[in-house]
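Q: The following feature annotations were taken from TrEMBL:
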ACT_SITE  Glu92  active site, proton acceptor
ACT_SITE  Cys341  active site, S-methylcysteine intermediate
BINDING   Cys112, Cys116, Cys119  [4Fe-4S] cluster binding site
BINDING   Gly164, Glu165, Ser196, Ser219, Leu220, His221, Asn297  S-adenosyl-L-methionine binding site
DOMAIN    98-336  domain 'Radical SAM core'
Amino acid sequence: MIKPSIYGLTLDQMGAWLEEKGHKKSRATHVWEWLYRRRVTEFDQMEEVNKECLQLLSDHFSIQTLTEHTRQESIDGTIKFLFRLSDGNLIETVLMRHKFGLSVCVTTQVGCNIGCSFCASGLLKKSRDLSSGEIVEQIMKVQLHLDSMGTGERVSHIVVMGIGEPFDNYQNMSDFIRVVKDHKGLAIGGRHITVSTSGLAGKIKEFADSDLNVNLAVSLHAPNNDLRTRIMKINKAIPIEKLMDALEYYWDKTNRRITVEYILLKDVNDQPEHALELAELLKHRRNLAIVNLIPYNPVDEHSQYQRSEKDSITSFYDTLKKQNISVSVRLEHGTDIDAACGQLRSKQIKKDVDGSREKVLS
Ligand code: SAH
Ligand code: SF4
């Protein structure tokens, strides 16, 4: 039997679980201290914790369920990890270095069913959701790597922007956030955590009503329905009006700023008229939206798309600025390694498939 990751339990859930099995609830705090502060990787390294309690936990849970398959390091300090899950599936996690700290981009699903036409992750249909523990463990694996370097560096920010649609795995994503935010654990502040969605309107409202209090980013990528449906087929089911309605609800409820993600695709959505249309869409909420322009990372399988020219990016940026829309251009990380999320995984799977084909042929 494959045991689930212990990192999947919030402190309350672990306390309740222990209590149900006849142990003191407070032992959970003690176990958490060893897991997240001292960061041991084996139950028998947890000193001074009741032995029966540890036996019980190790009978039901594992601390390590991910194994490192490949690690690529970029000259800019970005590290991309390819992890193997206990069922053999591969996922990606990326560590990025910024002026403001170290951020980790996590994966939430094996593949993605949204299938956006420009994205490497969507090339492979979702085979399953990740458990909350598997999402937390990605952060822990990166933190353990940093610990092993002996520099005392800490993961300070999290972006839920790896493979998958986090709002299509809502419950596990929420538990993950509760674990990493907890002051008794990694204590990563809600303002340092951003969840990105392709725009699942119902879930955006649920998120607005929740107590998660983390940042929201929305992948818009086009300012009108015709164009957005062409790029993202989800727009057929959830058109821009429905998405904007959910965002209005979110703004009313939280008064928080959201990031509007906009990938610039050459001659597709990068013209000044698109920037004007985008400004029109956001102008009534201009103090609560910041547009993040994303230079496109070319994906072999999506050769119909190219990255926009520098001049087009600049003029798009300037047009938005002139309309008093807050805008930034995403800094790129790890362009010398397979930078776009999902690329390393799809390349590895291709290699594995080709490898087995070669084996069959020889
Ligand atoms: N499914 C969620 C989160 C994961 S994708 C979402 O779509 O928002 C995270 C971000 O990376 C999204 O804005 C997505 O559009 C963007 N992205 C996907 N493929 C990309 C590529 N090849 N180049 C640049 N950004 C890409
Ligand atoms: Fe899925 Fe996001 Fe990629 Fe679209 S951009 S296919 S939603 S991971």
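The count begins at 1 with the first shown residue.
Yeah, the Cβs are placed from backbone N, Cα and C, and that goes for glycine too.
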Q: Ligand 1: which of the binding-site residues Glu165, Ser219, Leu220 have a Cβ closer than 6 angstroms to it?
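A: Near the molecule: Glu165, Ser219.
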Q: Would you count the other C-beta atoms found within 10 angstroms of the C-beta of Gly164 (S-adenosyl-L-methionine binding site) for me?
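A: I count 29 other Cβ atoms within 10 Å of it.
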Q: Quick one: of the recorded positions Glu92, Cys112, Cys116, Cys119, which has its CA closest to the CA of Leu220 (S-adenosyl-L-methionine binding site)?
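A: Given the candidates Glu92, Cys112, Cys116, Cys119, the nearest one is Cys116.
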Q: Around Cys112 ([4Fe-4S] cluster binding site), which of the listed recorded positions (Glu92, Ser196, Ser219, His221, Asn297) come within 10 Å, judging by Cα atoms?
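A: The recorded positions passing the 10 Å Cα test: none.
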Q: Which recorded positions among Glu92, Ser196, Leu220, His221 have CB under 6 Å of ligand 2?
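A: Among Glu92, Ser196, Leu220, His221, near ligand 2: none.
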Q: Sorry to bug you, but what's the C-alpha spacing from Cys119 ([4Fe-4S] cluster binding site) to His221 (S-adenosyl-L-methionine binding site), rounded to the closest Å?
A: 12
Q: Count the Cβ atoms, other than its own, that fall within 10 Å of the Cβ of Ser196 (S-adenosyl-L-methionine binding site), considering every protein chain shown.
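A: Other Cβ atoms found within 10 Å: 20.
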Q: Tell me, what is the mean pLDDT of the domain 'Radical SAM core' (98-336)?
A: 95
Q: Could you tell me the maximum Cα-Cα distance in Å between the residues recorded as binding S-adenosyl-L-methionine, namely Gly164, Glu165, Ser196, Ser219, Leu220, His221, Asn297, rounded to a whole number?
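A: About 19 Å separates the two most distant Cα atoms.
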Q: Using all protein chains in view, find how many other C-beta atoms are within 10 Å of the C-beta of Cys112 ([4Fe-4S] cluster binding site).
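A: Here the count is 25.
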Q: Quick check for the class: what is the C-alpha distance, in angstrom and rounded, between Ser196 (S-adenosyl-L-methionine binding site) and the residue listed as 'active site, proton acceptor'?
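A: Approximately 16 Å lies between the Cα of Ser196 (S-adenosyl-L-methionine binding site) and that of the residue listed as 'active site, proton acceptor'.
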Q: Quick one: pull the CA-CA distance for the residue listed as 'active site, proton acceptor' versus Cys116 ([4Fe-4S] cluster binding site), whole Å only.
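A: Just about 18 Å between their Cα atoms.
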